[in-house]
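Record features, source TrEMBL:
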TRANSMEM  A:6-24  transmembrane segment
TRANSMEM  A:31-50  transmembrane segment
TRANSMEM  A:56-76  transmembrane segment
TRANSMEM  A:88-108  transmembrane segment
TRANSMEM  A:136-160  transmembrane segment
TRANSMEM  A:191-210  transmembrane segment
TRANSMEM  A:230-251  transmembrane segment
TRANSMEM  A:263-281  transmembrane segment
Amino acid sequence: MSNQIVQGILLGGYYALIACGLSFMFSVMRIINLAHGSLAVLSAFALWLLASRFHISPFFGLLIVLPLMAVIGWALQRFLLERSARGGALLPILTTFGLAIVIDNVLFEQFGADTRSLAPFIGSLSYDSWEWPGGIYVGKLAVIIFVAAVVLLGGLQLSLTRTGLGRSIRATSEDSDTAGLVGVDARRANAIAAAIAMVTVGLAGAFLGMRATFDPYAGATQLLFAFEAAVIGGAGSLWGTLVGGIVLALAQTLGAKVHPQGFLIGGHVAFLIVLFIRLYTSGLGLRGLLRLSAEKAP
Amino acid sequence: MSAAVIERGTAASRIAGIGVAAIIVLLAIAPQFLSAGAVDRMTALFIYVILAAMWNALAGFGGLVSVGQQVFFGLGAYFTIRLANAGLNPFVSLFVSAVIVGAVSWPISLFMLRLKNGEFAIGLWVIAALTHLLVNLDRLIQGETGTSLISLNVYDASTRRLTIYWLALASMTALLAVLFRLLRGSTGAAIRAIRDNEDAAASVGVRVTGTKRLLFVLAAFGIGVAGALWLATAITFQPKTYFSVQWTAYMIFMVLVGGIGTFEGAILGALLFFLIETWFGGTGVWYLIGLGATALVFSLLLPRGLWGTLEERFGWRLLSVGYRVKLPTGTSNPTGEIASPQTTNSREKA
């Protein structure tokens, strides 16, 4: 059992990694990017292409793909999100959903329905493991992903609080008009934030490809994982995202123990329970919730 | 003193009303002149219109963008399978199933309507994914293998085809009529107030949550009907096809292209989608890429859709659910409350 808990926590690192870009973009721009998962899969395919066609190891491939993802993030904000966000809060949902459909199907058109993996290109790393006390074997890759998640979340948190750029991003997210008054270029801050978010998405896509398989339509599942981890962790703190990822992974592990098909169900149910508790504790309570709907609706 | 006239319909909209009645009568007798294949296609069109109108009711009028509406489509089909398996007449099952879907949507709404915008959108997607997995666990469905609506086989092919055609036509007409009545009545005023500004609507006493819940349950019921009808035409039930997010993608495409938040727009969008599918559906992936790209471009460049843009430019009203203030031409407005007829017209949408 303790073995499964350890594996679950390590898997949580991956979920935190894919969730942090989503919650980062949401906290800065108030936009939920429905193409989030598809962009992660795009990054995985880019690395796969570099590895299989040009024999570039995925780790070196990141040196090419991550800057590319940053450019994509910048362009996404400048040409799509900025424009659609002006039309209200609902339009970006539709825009990014359309983008997700385009990305998924272009990938399908290019690469077909086969499932791929980056595992064959990273040598023995995909199956090497360390033995920990108590006879627990942990995969080296899983540990690397977890450490990468912690470093990335810590780095983001630090740069948001300590650097000038981080301050201007936070100021923009609080109130972009007022930030503009004191000389913060809100457009630039948003575009940089989107670029940073896409770099984290690119990294998450790389680890998705290394630890598992992916196909052109895998983006939707990754989006749901990212969203669930971000919501469970709660907005506000990036460390909450790590907790959210771990809770999600442990719930999935537990679900898989209860029923052979329970892995995904466990995660979804945990998400709904957390949501329910959050509504319950926000001063309404279950009875309040029902009564509110029946008579006291605002 | 020549006062401003407030009118509900225009001459055009009265003619349109007669036109709609004529079209429905024509559609009802159309199968006599259509081939079997054409009857099937028309049935699909009616289902698309239902889907578009219901998604539009939710997003365009309730301000609730959902990417998880496939859950109700899938459940509509699933409950039909279950009811028919329990011995209920398959055609009766279709509608009992939709009622159950509507009932199921109520507790879901208690929960989901507390989420905002994007959270609501993906939250429902999670519900859809979870429901899909749970339906897969049902022994009767046999996981992704699926099952069929076998009890429909007691009817011969042409009876089946015609019955489903008329049921689809009747469902579409009834659902559109209910929506139209709802939007024209006092609830409609509340709905439009919420769409334009939720906080302001709440401040003048509009029951925001109750009104949204009404739209949510209506949309769930309508999409449940659509899912059940689709099952009746396709016979086979594979969870993966029915709980696919593609259905929501179709709904978004139809409403976005036709005109979000306009009653006629959703119908126009469904018609266009039907034609595009007929002409380009065979091109497979490129067809889907085209749909996604079109939705993307419309959301950026023409967010009001085709009908919304035309309506604004030419002041068209066919199936008017709103009010229009007509000011006497050439006289200045003494109250100064309304800046100009132009603004009034463009402000009165829906």
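Every residue, even glycine, has its Cβ placed from backbone N, Cα and C.
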At a C-beta cut-off of under 8 Å, are there same-chain residues at least 6 beyond the transmembrane segment (A:31-50) that contact it? List them, or none. 18, 21-22, 25, 56, 58, 61-62, 64-65, 68-69, 72, 76, 81, 85, 92-93, 96-97, 99-100, 103-104, 107, 110-111, 116, 118, 121, 197-198, 201-206, 208-209, 214, 216, 218-227
Stretch with greatest number of CB pairs under 8 Å, the transmembrane segment (A:136-160) reference, A:6-24, A:56-76, A:191-210, A:263-281 candidates: A:6-24
Taking the transmembrane segment (A:6-24) as reference, the highest number of CB pairs under 8 angstroms among A:56-76, A:191-210, A:230-251, A:263-281 goes to A:230-251
For the transmembrane segment (A:191-210), the distant same-chain contacts (Cβ-Cβ under 8 Å, at least six residues beyond its ends) come to 14, 17-18, 20-22, 24-25, 28-29, 33, 36, 39-44, 47-48, 58, 61-62, 65-66, 68-74, 76-78, 81, 116-119, 122, 125-126, 141, 145, 148, 152, 156, 165, 169, 172-173, 218, 222, 226
